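As written in TrEMBL, here are the features:
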type	residues	note
SIGNAL	1-22	signal peptide
DOMAIN	83-163	domain 'Cadherin'
DOMAIN	164-335	domain 'Cadherin'
REGION	237-270	region 'Disordered'
COMPBIAS	244-259	compositional bias 'Pro residues'
DOMAIN	336-440	domain 'Cadherin'
DOMAIN	440-556	domain 'Cadherin'
REGION	650-670	region 'Disordered'
COMPBIAS	653-663	compositional bias 'Pro residues'
Amino acid sequence: MDRRRLCALMMLWAVVLQPGQLSCPGCSLRALRRTTGGRRGLTGQDANGVPLRRSKRGWMWNQFFLLEEYTGTDMQYVGKLHSDGDRGDGSVRYVLTGEGAGTLFKIDEKSGDIHATKRLDREEKAYYILHAKAVNRLTNEALEGESEFIIKIHDINDNEPRFTKDPYIARVAEMSDVGTSVIQVTATDADDATYGNSAKVVYSILEGQPYFSVDPETGQRRLQRSNFNAFHFSLTQRNQPGFPRNPPASPPLKLPPPGGAGRGGEGRRDLLQISRPKDLLLIITPLDYEKKRQYSLRIQVENAIINPRFYSMGPFRDEASVKVVVEDVDEPPVFERPSYIMEVREDAARNAIIGSVSASDPDDKHSLVRYTIDRRTDMDRVFNVHAGNGSVFILRELDREGNAWHNISIIATEFNNPRQISRVPVYIRVLDVNDNAPTFATNYETFVCENAKANQRIQIVSATDPDEPLGGHRFIFSLAPEAVGKANFSVRDNKDNTAWILTRRNSYNSLQKSVYHVPVVITDGEFPVQSSTNTLTIRVCTCDREGNMKLCNPEALTARAGLSTGALVAILLCVVILLMIVVLFAALRRQRKKEPLIISKEDVRDNVVSYNDEGGGEEDTQAFDIGTLRNPEAIEESKQRRDIIPETFYPPVRRPVAPPPPSRDNNGDVRDFINQRLQDNDSDPTAPPYDSLATYAYEGNGSVAESLSSLESVTTEGDQDYNYLSEWGPRFKKLADMYGGDDSDS
């Protein structure tokens, strides 16, 4: 019985502790097979001889194993789902849900086979939780409850150990005892530490024996020998034997001494030096492979501070030979000069060569060089360069007065490597040619007094010339040949590039000639000779005894005191602007709308309208044309004149005036007068509109002072005949109505 128990434990260990063996289809099938019933029967006896019976159980699985980093061509088989309700007729459908279902893991709905579709990495995810169930394909009803299971990814030794630092740097005192702890190094492994020896790290030294040793399990490094100054050694870490994987990582470990000094040798301190405290050999001067390809140095190192107890073990210095080899690199072309200066006469012909540049490839291959001009420095394309030999020539005519210097850049490019280019500045000076004639330095204009004396100085003149001769300017002044015989003035050259204008007679008369124009010839002293004739204007003026000008002719006054052209133009513009403002203001006033006659919002009949039209009298309402107040479109074509009574259509009607009733009312006559005028206006078709106000002046009757009218100054009322008033026209109609007619009317 003990032997059978041992065999059972070994099988259990093989299944549980060695999951890598479960990748075979047979093992997975047994692990995933489900039994739901079966007959209860005797399956054996236990150790005491009691018969064993099989009991009904559900799913017998809840954890499965799958190796990571599967490298096969087919999908990796995981296992199989099977239900006792599946009779193989296709009525059962197996469903898989959970992490990775449908993407990482797929199930055959009919057979229940589960496969992994991709390579899995345990370091990314160690296990997956899924759910499985069997349902009726037609009704989609679950045949059994949903069960949960885990697919655990088994680790393989696919990660190399890594040091936590790279590099490790430690210091140890010299002459330290053997076994002194130097540094603790640590390496980690991403593999599963709970499974096998994949994550177990073993330390060893690749370089450094016999000076150092390392504990293979802890990584503690210790000193084995002490007679060294500095040491560079490498450590390695690996998995336990039997689990090799990737090449080991080897970080360097530098152990410089705590003191020491170094210096360069063989006179090369101008090129190389040692930098402290890192003891690095530095280049302090650029090296040239074409000039020198290697350097040999002697370097000495010694302790700066020595422990007195080690004096007997000296000397504490050492020397070493160092050879520095210079490597060649592709360099750009090099010009023979850092810059070029060229000169050219301004009258040089086109395509004339003015100089050349030269560059070469310093490398051993000596590549050919091509020359071009940087057009950003020659936008006008005045110059060009020959691509092969570097000759510089001109493309356009030059003008020194416009531009005396031209600064351009020439580019040299290697034919074999166009990226290797270099530039050089070229300064081109344009030399002067005597091609300009001298002229007056300014527009000279002066005056001469009428009482001037002969040979009297009246004006000094000078000249200017845009040319710049090497020896400076030398101008010669003289009177024009055509004016020598009849000249009223002379020119005296001062030999200093100036000249005086002198009078040649004692007096001048402004009435005979008020203005003189003196032609002066200016000649330079260069070759070819250039000259020009300039005119000096001299006006005759009246002066006092001291020679101060008092009065000149109108032309001279205008010329001296007159305004300049710019001032006249400005004044003219101001006048034009003022005129435009006035015209615009007048136009705006014309377009301005008239104010309405009736401003108040009350009834128009309650407003008094003034027309400012003087009539013929108090009773004259026909002197103006009321049609101007009406709509012009409503006016009849045959409109009658309003200043003449239309007797043809409306003969004059004499209305008797009713005698005032006997009353003692003092205002009765006024009331009767207003009623009579109202009746007249209502029955008169030529009267103004109803909304007009007619004003009458009525003095009344019965005055104590009697009438002051001149009509009664000659005779009495009964002696006068007023019928002639009706012949005087409409202006006297009211007066004729009042005084004309029978005596009863009065």
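Positions of Cβ are set from backbone N, Cα and C atoms, glycine also.
Unlike curated entries, TrEMBL annotations are predicted automatically.
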Which residue counts does DSSP yield for the domain 'Cadherin' (83-163) in the helix, strand and coil classes, in that order?
0 helix, 36 strand, 45 coil
Model confidence over the domain 'Cadherin' (83-163), averaged pLDDT
87
The domain 'Cadherin' (440-556) resolves under DSSP into 6 helix, 57 strand, 54 coil
